[in-house]
Amino acid sequence: AHELLKTLPSIYLNEYAELFRQLDLNKDGKVDISELRTALAARGLHQGGAEEIVLESDINQDGLLDFQEFSQYLQAHEKRLWFMFHSVDRNKDGRIDVGEIQHLFHKLGVAVTLEQASRILKSMDRDGTMTISWTEWRDHFLLNTFRNMEEIVLYWKHSHMFDIGEHLTVPDEFSEQERRSGLVWRQLVAGAVAGAVSRTGTAPLDRLKVFLQVHGSTARGINLWSGLRGMVREGGLTSLWRGNGINVLKIAPESAIKFMAYEQVRKCSREGGSLRVQERFIAGSLAGATAQTIIYPMEVLKTRLTLRKTGQYSGMADCAKQILKTEGVRAFYRGYLPNTLGIIPYAGIDLAVYETLKNAWLQTYCVDSADPGVLVLLGCGTVSSTCGQLASYPLALIRTRMQAQATTEGKPKLSMMGQFKYIISQEGLPGLYRGITPNFLKVIPAVSISYVVYEHMKKILGVGY
């Protein structure tokens, strides 16, 4: 590695010269800060990086970069990138795969799903191998001013915030400069809009899932199409979006509460400094639990409004009044325990299954290679992601049933364990997975819609990296 490191400058000298020519817009043999800003903006990068590049590379302090100054900066930056690349490449095969990205996040105390790790990988993977080579890594980060892996992980978190209907992923850590510039709130607004569009687009599947979860054995024989047709017959086409209003409405307070709670925990635990891995896990869990506790009554309202019959409630306020009048305040926290247990990150299951399957394949079929191939990696990713969802789904189903208990006549009002025993005795193990088909079906469109809208909102609001 050290020998190759010494040869890097000469290998890429011509590329440096070509890049310098592209940046030098007025062709005066110098690159100024405005030309750098223009170039960074054209590449979709944060324009604030221009000042950092000039500050580090302007040796004679004239505010302009000549080719020598520029190439020396790139050489030094490339060395940093080289060491960062090899710190992520755990198996030392010269390529970074999705499991290594997920392991990096886990090591830094950040929970990330396999889908999010795959999205990060695809943003750099130019040759379609589902892995990142050194050249792809270098080209992607060459004009970014990151100095360590924590900064790159922070960049990835901010660039890949997704919403899949029930779990909103909010970047929880921002630098002091980002707070002062107002980036924090622009980031949260971009995520909220992406989440709103995504939830609205997949609301019919979400309503069908809730219907199947709650009605259990009485919903046997109902498939995807017959369920959707039945809803349309009962309340018209717009009935497919019942409960979506409050589902969208709770995004903003949920995001803001989670972020502010994380900030408070961070300030208390490290006096405002950066957190260690274990502290980050605890801070994230506490912030999530705080947001869920405050926002939970809206979750109950969402379930009731989703399941309502035509004319049952005139709106959100009427629904809340009726619950308060007939069931009392405690009804707004039915299902809170399984919901809180569901906050436990299942990314660990994702990662463990993925690594186990990949290593088993390598030991059996690829003894002399560390690269199992694109299809195998995709297969491992699909299986591990499915395992994570299968592990968490029964808790989500029990939570929804407890939230909806007053609407299901003739059925007992049960605790979490009571619900579990009742479902097993009446419906068997499959009863714990009612509605999982529409739940799986909505994930891909939900993530895709969130990604596209989020990228557009980042451009509109000037959230660039």
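Positions of Cβ are set from backbone N, Cα and C atoms, glycine also.
Annotated domain 'EF-hand' per TrEMBL: 11-46 (among others), in sequence order. Away from its own ends, the domain 'EF-hand' (11-46) comes close to residues 53-54, 63-67, 70-71, 74, 78, 142-144, 464-465 of its chain (Cβ-Cβ under 8 Å, at least six residues beyond either end).
What TrEMBL records for 76-111 (among others) is domain 'EF-hand'.
The domain 'EF-hand' feature in TrEMBL is assigned to 112-147 (among others). If you take every residue in the domain 'EF-hand' (112-147) and average the pLDDT, you get 83.
Feature annotation from TrEMBL assigns repeat 'Solcar' to 182-268 (among others).
Positions annotated as repeat 'Solcar' by TrEMBL: 275-360 (among others).
Residues of the repeat 'Solcar' (372-460) grouped by DSSP class, helix first, strand second and coil last, total 75 helix, 0 strand, 14 coil. As annotated by TrEMBL, repeat 'Solcar' applies to 372-460 (among others).
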